[in-house]
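Single-structure report; data block below.
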Amino acid sequence: MTLLIFLRRKLSLTGTKLGCAEGGCGACTVMVSRFNPHHNQIIHHAVNACLAPLCSLHHCAVTTVEGIGSVASKLHPVQERIAKAHGSQCGFCTPGIVMSMYALLRNSPQPSMQDMEEAFQGNLCRCTGYRPILEGYKTFAKEGGCCRSRRKGNGCCLTSAHEEEHVTSTHSGQQLFDPSEFMPLDPTQEIIFPPELISLGKQPPRSLRFIGERVLWIQPSSLNELLELKAVYPAAKLVVGNTEVGIEMKFKNLLYPVILAPAYIQELSSIQYTENGIEFGASVTLTMLGKKLHEEVNKLPNYRTEVFQAILEQLRWFAGQQIRNVAAIGGNIMTASPISDLNPVFMAAGCKLTLTSKEGKRALQMDDKFFSGYRKTALKPEEILLSIEIPYTKKYFSAFKQSTRKEDDIATITCGMNVVFQQGSNIVKDIKLSYGGIAPTTVLATATCNRLIGRRWGEELMEDACSSLAEEMTLSPSAPGGMVTYRRTLAISLFFKFYLTVQHKLAQMVKPTYVCLSHSHDVKPNYASAIELFHVDSPTSVQLYQAVPPGQSTDDMVGRPIMHLSALKQATGEAVYCDDIPQYENGLYLALVTSTKAHAYIKSIETDDAMAVPGVVTFVSAKDLPGSNKTGPAVCDETVTCVGHIVGAIVADTQAHAQTAAKAVKISYEEIQPVIITIQDAITNQSFYQPVRTIEKGDLAKGFHESDNILEGEIHIGGQDHFYLETNCTLAVPQGEDGEMELFVSTQSASKTQALVAKALGVPASHIVCRVKRMGGGFGGKESRSTILSTVVAVAAHKVKRPVRCMLDRDEDMLVSGGRHPFFGRYKVGFKKNGKVMALDVTYYSNVGNSMDLSLSLLSYSLKLIHSNILFIYFGFGGPQGMMVSESWISDVALCCGVPAEQVREINLYKQGEYTPFNQCLDQFTIDRCWKECVNISDFHQRKARVELYNKQHRWTKRGLSIVPTKFGISFTAIFLNQAGALVHLYTDGSVLLTHGGTEMGQGLHTKMIQVASKTLGIPTSKIHISETSTNTVPNTSPTAASASSDLNGMAVYNACQTLLQRLDPYKARNPKGSWEDWVKAAYFDRVNLSANGFYRTPDLGYDFETNSGHPFNYFSYGVAVSEVEIDCLTGSHKNLHTSIVMDVGKSLNPALDIGQVEGAFMQGVGLFTLEELRYSPQGYLYTRGPGMYKIPAFGDIPTELKVSLLRDAPNEKAIFSSKAVGEPPLFLAASVFYAIKDAITAARAESGLSGPFRLDSPATPERIRNACEDKFTKLCPPPEPGTYTPWDVRV
């Protein structure tokens, strides 16, 4: 049992959340404290409760988010600051972030910004964009973070003088929060470590044994006992942090019957200083390793600590802080991962390993013979690794790691490189080049190294070494992990970095004794940036919004940046999510059984082994459906059409038993052809959904005839997982009569859930109640896809007549729920020499997966739907993909004309009164204002000059700049959904209960609706409460989606409140000096109805594809973004240096929430266009099923400078209180980062004599960036010929 399960299920402490179950998201972070008797000190560490075995915590104190403060008693400053700084939206990640910060403050009450950024490397957030979290917590930093305008003059201390010029009365420089309101941090008032645990810690260690259903856990008290046990159980795993074995047992279905826990054995935890270096016990954690190496680097001369510095550089990017706090150095070595961050360094340094067993000790040097095969080492079964000695001096030593995301990511390639020269010369005496990620084991490039010995370190050696590495570091085109060309190129590029680093060091040695170094020239000035370590400055930000007008009532909260009304509860862990609902006494758990084939007929399902698992109650299949099985893939009866198709489910007494049994279900298949995985497969097989939509406007032939140039191009835009922090969850409770059932669901669509469950159970919808308190994120992933789980859970609950719940694990959720559609765009564009587009012929292909779902409506935003045997609706609803294709041909036109891309974009912008391709007139058009303001606040023209100068001065790093606009239509394309209802109750004490049809998923909808009701009724927000969304209060609700929920529900709330005000008017007139409570009571005693329904339908909507006429959108949201990036041409990494965003949100209902939505959507777009890649096997298996392989943006990915401005004086007459929708519209502005990257690549390609248009598919991952920066190194590694091999993964 993990600590997380114990906290949530045994102690009912539900503040600690399950986000991924693999230590990759930080939602489950708690602080573990223990007394170290050897150092006589108490150690506090943030750890992942989802990985920490409960039996590893003997004599430890565990502090959860509930333990440090609560809304009911007293908040802790850490909880208060994240909430009041608007750093909590959906709130599901908030407790974990709070506890990471809390643990840091317990160790360092005044941390540096670097400490803070490192502490958050293991935490993810999908909603906020991270900026407000850092802003709130900067106030703890010793360097002060921000002066909060206490300095002289206008503006923030973190902005440049030029930036300050814009923070004037014209653009309000008001803070979104007031730090002076924060409680001070008093370290003396923290929870004390239990004294009894100190006493117990000082006692002699005792061996412990925990016997589980399947595993025996033994914690030996001495080294001798451990060796005896290893002799008895040679196959036993040694576990310290459980960061590898826990993953294997959970996700690889491996079972280790005996586990030995050596964490408290002194010999394995000791650190000894030797003549040659430092000897670390194998159980020393990576955090302690880093701490000791830092101390030595600060004390010793630089030349003695080159290896230490290389290890520290690797540790900077090694997992997250929570993992480093518990993972042991020995575990990293012994797992023998071929992509280990540290093993190549240890191998290149020639570290000495001490092994021991009952038979005695022996020493091994860590060389190319240590790893005998994939995840195998030279140790005998009865041996253990006792220690590793890391040597002091290796004068010319470097380590490199390249990964998709810098923070907390598995390596694509790692390497350690070491060269020794003959005394006083630059002639190579010995050299070691060690690589991970090139073979099934960590390897030495032995042949290359042998060729270089005796050679002079210079250009000729470098050229020969690169050619040799290209020959030696080969990979099969089908190699696991894919990216074969990129990995081979990296092996060469990283050596080139090492070569330059050594060349630079040699050139610095100017002592007369080194006569032979006279030929060692320093690196060229324009090459210097290639040897700089990757570093990102601490982020700074500016937010601009329009203040409320003078004289606005203090009770009128509309337009004010008030805090999300659940933020404090979310920060304390008191906010209740679906799986936090207390267990029912007779409640059961469900686990899905899913298909492992993409397209197959089910021959048989064998459940005998599954039913034999303890605690199993039943297997649910299609036969158990009392109603219709046509509500989507609830359960599968005959044919599966994707990997992850739900076939059935196991119901058991615990989640662990249900999941174990689900894995034991055996399904026999007969595979069916064709298996269609990719868009190209679908085009080949003509696998299209109908209808195929077409829009034609103008004379295409005439446009091409009048063009000076015509070009054709293509772009593929990859899909994206929603990665809401709270996975899909449903609790179904049968009511015992008339087929009634109550559902608690994490869904954006309560009414759809109600309707489909009713259909599956064969009862009227009125018998089903669906309730939604809040969601831990949705982003469209819970609009319709949540129903595939809800229907299964409901059927199971109906069958067993008991409450049944299921919260999917992250890997299950990613497998069954789908995501953003991959798109393929093919275009032909005609244009004038100045870039003015005259004609466009474009075809969009969307991979909608194995079911159409909402895809037809989605493609209306962007126009061919392809059917495939994989699962795929998402935040943005097709708009970003369609606009991305447009920006691709705009970019190509600019490159073809040799005209700056911003000029081509500006010359082709819409104008007020023009018509869209679907013939809607553009009124209240503000894109030109957004454009001008964004150019202004970003210093675009000066910034461009600096970029051009930088690129002239640097060969191997390049900067790029881009400005991108967005226009997003607001409304559901399914016209009937553009309606909303509300219900408002007034109680005799004056309090108000408000219910509306929208659901809260972090976007602040409930907060805005209370602001609307407050303004309309003229009462403080404190008198108004929203409990939940439920189908028995507001029926037939539309999904909370399309960014239209504030518009629709806000008007419905307004309508209901107006009805109540009309009823209260007579009592106000009779008693004008009375209070709100007086009027309500008077009306009550006069027997007036104090409950009112509200309703709203968006007027004048409707569009006909056949005639291309009508009014598909109520209005448009507009925005513009400027982004500047820097790419490393040798590795493909990039930094987001600057982003300025101007967004038209009308008259903002709540600037804090709206800015948060802009920043959160932007960062989600950064993930879509630069990081997140869904990787499928040719057979349709999804590899990227969790944070281990699927990388959303982290704290370190936010722009170093971020400015967000809400366009002022832009009221929107078509929405509540002149506001505009926000949420999806800003997401596409992240394309400015993508096209800034493309701009930088263009500069890199120019160095190689390449010019003109080139294809860059999305996302712009390091692989694509590096491969596009063609140079002499990429030419050494040509890609394999398509069709001559079976790739490891395919682009769907």
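Glycine is no exception: its Cβ is also placed from the backbone N, Cα and C atoms.
Just so you know, TrEMBL annotations never went through curation; they're auto-generated.
These features come from TrEMBL:
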type: DOMAIN; residues: 1-68; note: domain '2Fe-2S ferredoxin-type'
type: BINDING; residues: CYS20, CYS25, CYS28, CYS50; note: [2Fe-2S] cluster 1 binding site
type: BINDING; residues: CYS90, CYS93, CYS125, CYS127; note: [2Fe-2S] cluster 2 binding site
type: DOMAIN; residues: 210-395; note: domain 'FAD-binding PCMH-type'
type: BINDING; residues: LEU238, VAL239, VAL240, GLY241, ASN242, THR243, GLU244, VAL245, PHE318, ASP341, LEU385, LYS401; note: FAD binding site
type: BINDING; residues: GLN748, PHE779, ALA1042; note: Mo-molybdopterin binding site
type: BINDING; residues: GLU783, PHE877, THR973; note: substrate binding site
type: ACT_SITE; residues: GLU1224; note: active site, proton acceptor
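Its own atom aside, the Cβ of PHE318 (FAD binding site) has 24 Cβ atoms within 10 angstroms in the protein chains shown. In terms of DSSP helix, strand and coil, the domain '2Fe-2S ferredoxin-type' (1-68) has 14 helix, 22 strand, 32 coil. Taking Cα separation as the measure, ALA1042 (Mo-molybdopterin binding site) is nearest to CYS28 of the binding-site residues CYS28, CYS50, LEU385. Of all the binding-site residues in the list CYS50, CYS90, CYS93, PHE779, GLU783, the shortest Cα-Cα distance to ASN242 (FAD binding site) is found for CYS50. Cα spacing between CYS20 ([2Fe-2S] cluster 1 binding site) and PHE779 (Mo-molybdopterin binding site): 18 Å, rounded to the nearest whole number. Within 8 Å of the centroid defined by the CB atoms of CYS20, CYS25, CYS28, CYS50, the record's [2Fe-2S] cluster 1 site, lie the Cβ atoms of LEU4, LYS17, LEU18, GLY19, ALA21, GLU22, GLY23, GLY24, GLY26, ALA27, ASN48, ALA49, GLY96, ARG810, PRO1187, excluding the listed residues themselves. Here the Cβ of CYS50 ([2Fe-2S] cluster 1 binding site) has 29 other Cβ atoms within 10 Å, regardless of which shown protein chain they belong to. When the Cα positions of LEU238, VAL239, VAL240, GLY241, ASN242, THR243, GLU244, VAL245, PHE318, ASP341, LEU385, LYS401 are compared pair by pair, the longest gap among these FAD-binding residues is 27 Å. Cα proximity to the residue listed as 'active site, proton acceptor' (within 10 Å) is found for the following binding-site residues from LEU238, VAL240, GLU244, PHE779: PHE779.
Of the recorded residues, CYS93 ([2Fe-2S] cluster 2 binding site) and CYS25 ([2Fe-2S] cluster 1 binding site) place their C-alpha atoms 8 Å from one another. Here the CA atom of CYS90 ([2Fe-2S] cluster 2 binding site) lies 20 Å from the CA atom of CYS50 ([2Fe-2S] cluster 1 binding site). Per the record's binding annotation for Mo-molybdopterin, residues GLN748, PHE779, ALA1042 show a top Cα-Cα distance of 11 Å. Within 10 Å of CYS25 ([2Fe-2S] cluster 1 binding site), counting CA to CA, the binding-site residues CYS125, CYS127, LEU385, GLN748, THR973 contribute CYS125.
Counting only residues at least six positions away in the same chain, the Cβ atoms of LEU4, THR16, LYS17, LEU18, GLY19, ASN48, ALA49, CYS50, GLY96 sit under 8 Å from the Cβ of CYS28 ([2Fe-2S] cluster 1 binding site). Of the candidate binding-site residues, CYS125, PHE779, GLU783, THR973, the one lying closest to PHE318 (FAD binding site) when CA atoms are compared is CYS125. GLN748 (Mo-molybdopterin binding site) sits 19 Å from CYS125 ([2Fe-2S] cluster 2 binding site), taking the Cα positions as reference.
Neighbour counts of Cβ atoms within 10 Å were compared across the binding-site residues CYS20, CYS90, CYS125, CYS127, LEU238; the minimum falls on LEU238.
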